[in-house]
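Noted in TrEMBL for the protein shown:
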type     : residues : note
TRANSMEM : 12-32    : transmembrane segment
TRANSMEM : 44-62    : transmembrane segment
DOMAIN   : 68-308   : domain 'Cytochrome c assembly protein'
TRANSMEM : 74-91    : transmembrane segment
TRANSMEM : 138-165  : transmembrane segment
TRANSMEM : 218-241  : transmembrane segment
TRANSMEM : 256-271  : transmembrane segment
TRANSMEM : 283-307  : transmembrane segment
Amino acid sequence: MIFSTLEHILTHISVSVASIVITIYLITLLVDEIVGLYDSSEKGMIATFLCITGLLVTRWIYSRHFPLSDLYESLIFLSWSLSIIHMVPYFKNHKNNLSAITAPSAIFTQGFATSGLLTEMHQSAILVPALQSQWLMMHVSMMVVGYAALLCGSLLSVALLVITFRKDIRIFGKSNHLLNALFSFGEINKRINVLQKTSFLSTRNYYKSQLIQQLDHWSYRVISLGFIFLTIGILSGAVWANEAWGSYWNWDPKETWAFITWTVFAIYLHTRTNTNLKGANSAIVASMGFLVIWICYFGVNLLGIGLHSYGSFTLTSN
């Protein structure tokens, strides 16, 4: 009873703090960057991480198994993983360029996990025989951490595509105007104004190109990390499947979509080795991977079929 109450308290505190963090971050986006607000949002994410950690530890103690046995617990663990990714740049004294992705993602997963849709899973239950193995911690934790990193990297690629296409449209729309103004016969003052506007646009486009390069760089690094975790998770799951079911691979829906996810991001990493395919081309592949991840992680659970059906759920309605 005590542990259940403590879990309930930590859940609401983590959601509340994460909501405040997002509000503060939105304020910093609407106005000039304020150092005090930025530091407060980062400290708020640290507090959220500590609350989620306490929640997982509490559930681990009273359930007597690693808290990754159902979708509710994996969502909490996913939110915990996103919080870790959020804090890594902060502790390295770098400006957190991932905060616009990780903070909303953490609050979304935490909010959905604690919503009424998964009420039946909030209470811990005895593990089904298939999950009573030491491989549970290794396999599922690696998969969820891999999903978290791949989701962040994919969203960075989506942001890259949005900024790239918006940048191209603006440059194309204003280039003709600039050329006509520069080569027309008019007064000297008009030409000076055009040159000033050109300088302003060049500076603006320079910073946009720098932002695109940063998004591409961070997307590649985060996806590479997530791909490693995903590979370890698939390999450990194959070993576990051989022990539990006598076969390394059974083409279960979850296994099939995990393989599709791995293939998509393997293609992304391959395109990154070609300098002509960097940037928008590789970002398109990563953006497709974002949808594939959610199908693998969430969509398959809606079906409730296959050897991984113990992780399925049904949407409850009031």
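Even glycines carry a Cβ here, placed using N, Cα and C.
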Closest-packing stretch to the transmembrane segment (138-165), where packing means Cβ pairs under 8 Å, from 44-62, 74-91, 218-241, 256-271, 283-307:
218-241
So which residues does the transmembrane segment (44-62) touch in its own chain, when a touch means Cβ under 8 Å and the partner is 6 or more beyond its ends?
3-4, 6-7, 10-11, 13-14, 17-18, 20-21, 24, 73, 76-77, 79-80, 83-84, 86-87, 90, 99, 102-103, 106, 110, 124
Looking only at the domain 'Cytochrome c assembly protein' (68-308), what is the model's average confidence as pLDDT?
76
